[in-house]
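K.L.:
Residues or ranges marked as transmembrane segment in TrEMBL: 24-44, 290-308, 329-353, 359-379, 400-422, 428-455, 563-584, 801-822, 828-851, 863-887, 893-921. Look at TrEMBL and you will find 288-453 tagged as domain 'SSD'.
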Amino acid sequence: MSWFDDKIHEIFYKVGVKVHQYRLYFLLLSFAILTFASFGFIWFEKQTTRDPQYVFSPANAPWRYERAVLTEHWPLDEEKFWPGKSYDLHGYVDVIASGIVHPDYGRPNILNIRYLDEVARINDYIVHNLTVPVDINGKHYDIAYTDLCMRYDWACFLNDHITMLMPKTRWGNFSGPFAEFASDIINTQVNITYPIGWRGTEPIYFGALVGAPNLVDEEGHFDFATAIRLTYNTREGKVDEYGIEWRRKLAKWLTDKENPVSELLEFGVNHNMTLPEGLQDVADTLAPKFVGTCAILFTFSFLVSVVLRRHSEGQVMIDWVRSKPLVAAAGLMTPVMATVTSFGLILWCGQLYNAIVNVSPFLILCIGIDDLFIMSAEWHRTNPKHSAEKRIGQTLSEAAVAISITSITDITTFAVGCYTTLPGVQMFCMYTCVQCFFCYVYQIIFLGPVLAYAAEMEQNDQHALLFRKAVDPEKTESKVKLWLLSGSVNRQNQEVHRRKSKKVTPVEDDVEKKSKLGEMVAKLEHTLEKHDEEPGHNSEETLVSKIFREIIGPFILQKSTQICAFLLYLVYISLAIGGCLNIKEGLDPKLLVRESFYLSKFYQIIDETFWREGLQMQVVVNNPPDLFEIESRKGFDEMMADFEGTQYTMNANATMIWLRAYEKHLETEVLELNIQKPNTTSEWYKRCRDWLIVAGGRRLWQMDMVWANTSFEETPRITAFRFQLGLRNYRTPTDHTHSCKLMRSIAEKYSKFNVTTFHEYYPFADQYLELTPSLFQNMFLDLGTILLVSMIMIPEWRCAVAIVLSIASINVGVLGFMFYWGVNLDSVSIITVIMCIGFAVDLSAHIAYAFSQSYGNSHTRAVAALETLGWPVFLGASSTVLGILLLTLVDSYIVQIFFKTVFLVINFSILHGLIFLPILLMKFVSGVRTRDGQPAENEKPKIQIELESSQDVA
């Protein structure tokens, strides 16, 4: 689409002229947009979401339905609450107490009386003495856990299992006639076994209370354990505010590293706000790093913007006329302004914010600096003898087109990412897409006017920083003035005269009778012909361009280098594909927070204990069979055997189900009371309902059954019930995923029972299951979008195809080498992979576009592409690496993934953009591109529209 390319050049030339002419108004416009958008931060706190289940799990994930089933059958009841039976409670605190690790012997035995007494002391203090202040009607109160706790029959759950784990002699001091009776009850009716113990006929699931026990017999007695689990549950509703304060105070008290609460124990603490607070902690650590990144990039941009020249006496000096430090500063401000504007407008539109988007400003900062280098490179390639207005037009004519290609592809890439099913990826892509858009806009309406002012200063021989005329190097009296005040003044030997429109375009007499549009077309044709006759419009070639043209370009494209590059690529792509085939999926929850954050200790201890064995999964039977009828019961028993026989579930002795307790009761009646078993379905269910009144575990079993509302004469009927399976081997994200799929497949196998399974890690598992489809969907859509944009914006279609092939190769490399660097495929890495497409586009598209604009044979065009944009591309990549170096200081998985992915993509993009892609273009795009049929092998990739003043632009 050569005509489209020419039209774009013409449009941006006119835009450049207008930007110069109205530079003050454009600057005011950019600041007005920034100020207007900034008011959106008023809603920042209101629209901040810290719910990790929302951010990291698909919006239509199955776990949402599965949890809703539990809520429907067993809604939360503050006065009928039992720990582990409800997933709707947000006011929980999960505490794991474990002995401090000994350097030689590891974790001590938590069952040692010394440690148990310490656990009991801590628990008593939490229950009775840890208080929060409350002022009600002018009166001050201190409320404790017993004032806030969830209850069952008006009693708080006080972690009584601590006492049960102590020697039985410590349970109480009984004397007199009750001593023998009490001792008999303790010794015969109470069994401390794993995974289920018994207090009379009431079961106690020690699997979730005691971590990593050492069993000494087949009955489950144990003499060693490394951790004890404590739980505290506070009410919501009217006292929720105080409950939140109490939970945070408890977490702070137990995890205080400066004043530890115990010399024997360490604690892992988790509550409903811990993970959101951990994510916010990551975000808070990024803020100072962003400031540091800005400082590094400003220093780098400032140094790059300085132009050195050799004095007539041979001394090297800074040319303060041609140097552009203010443009460098504006180039840095551009992405910052884009970030502020985008965040403000998105918040103003009512969209949510999460800390996961806080890495996007680093990306936009690097993209903005890359565009700055392209803009500066094109400026220095303009003819200094031309007027400032014309040079700005020429700069935007070339730079804005190159920037447009990359910006449009970046915008569309992230726009496609907004349609993924992962809310976190959607949110990140939305924020980044809008930032890319405003970064592009500000490049024109902010950076353009600043460059226009700098152009006027250069034309008037003014110092780039002091806003006064620079000193002629020949007239300086000291080296200080030579270095700080001098510049290349009086470069124009004669004044540049602006020609009138009729002199610029000698059109025929009949053209004057045509419309203004026809006159402009004729004028454009003439100026393009005039440009074709010129050997080049830049009279001051830079040293770097010469090095790329005469040394680097020919070296890369010579035969021996091509062979080495081919062999290198074979090694690269082989390793990449191998890594892709072996990459692991899943985001371990413990990696979401910094290693120094207290939640990491909780995940460390639970990984050593309860993730290995002991957690429970809920299984709901929504359409129960007739449990008395033999055939129906046979199908149900087969289902139970399937659930209990997997590698992720414990044996039947770890299953908490009312049915087995009821059948054991029937057996006991036969043996002890000579009462026969039920003979009919009606009798079986009636006796079951009567049993629930007297059963020792009635508090548990009643909460697992839903009875139909029937009259006394009708047969009782259970409409739904649930049971709990003991889990094991539940440590890694892969375990979570495979277990989730397996449990759901078993439930689906017995669809006649309408079975629903649920575990609190299902939200993470559903994220893992969505990762691969989401990744491939986004990658293919992004590549298709990039191909379409490139086909439109780049006149040579084979260059567009080469860009897509290069980006695909880079993405395969990034995914593959993520495996070798220990990075899993998760929602965080998917965000960075989508993000890396933007980086890959920037570097590859610039080289391919420069190639398409060059003239001569394929070898000459490849060299010209490297000469034109090789150095700016290298600077952009280098600035990106510099910009993210500070992120290595943040001990956060999310931030480290961002750093690793960007580091990989930048290095692979340089490898492709400066080596593989030029060779591919030279081989793939054969033939000679000529101007008017004449070979022009030494031409630089420039098409300039030679309009002399703003009056030439209608």
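Each residue, glycine too, has its Cβ placed from N, Cα and C.
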K.L.:
Residue list, the transmembrane segment (24-44) vs rest of chain: Cβ under 8 Å, 6 or more residues beyond ends.
P.N.:
337, 340-350, 353, 442, 445-446, 448-450
K.L.:
Under an 8 Å Cβ to Cβ limit, what residues of the same chain, 6 or more beyond the ends of the transmembrane segment (863-887), are close to it?
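P.N.:
For the transmembrane segment (863-887), the far contacts come to 286, 289, 292-293, 296-297, 300-301, 304, 362, 365-366, 369-370, 373-374, 376-377, 381, 402, 544-545, 548-549, 552-554, 556-557, 839, 842-843, 846-851, 854-856, 895-896, 898-899, 902-903, 906, 909-910, 913-914, 918, 921, 939-941.
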K.L.:
What parts of the chain pack near the transmembrane segment (828-851), using Cβ distances under 8 Å and only residues at least 6 beyond its ends?
P.N.:
356, 360, 363, 366-367, 370, 374, 401-402, 405-406, 409-410, 413-414, 417, 422, 424-425, 428-429, 432, 436, 587, 771, 774-775, 778-779, 782, 786, 790, 793-794, 796, 799-800, 802-803, 806-807, 810-811, 814-815, 818, 861-862, 864-866, 868-870, 872-873, 876-877, 880, 893-894, 897-898, 901-902, 904-906, 908-910, 912-914, 917-918, 921, 925, 941
K.L.:
If you average per-residue pLDDT over the domain 'SSD' (288-453), what number do you get?
P.N.:
86
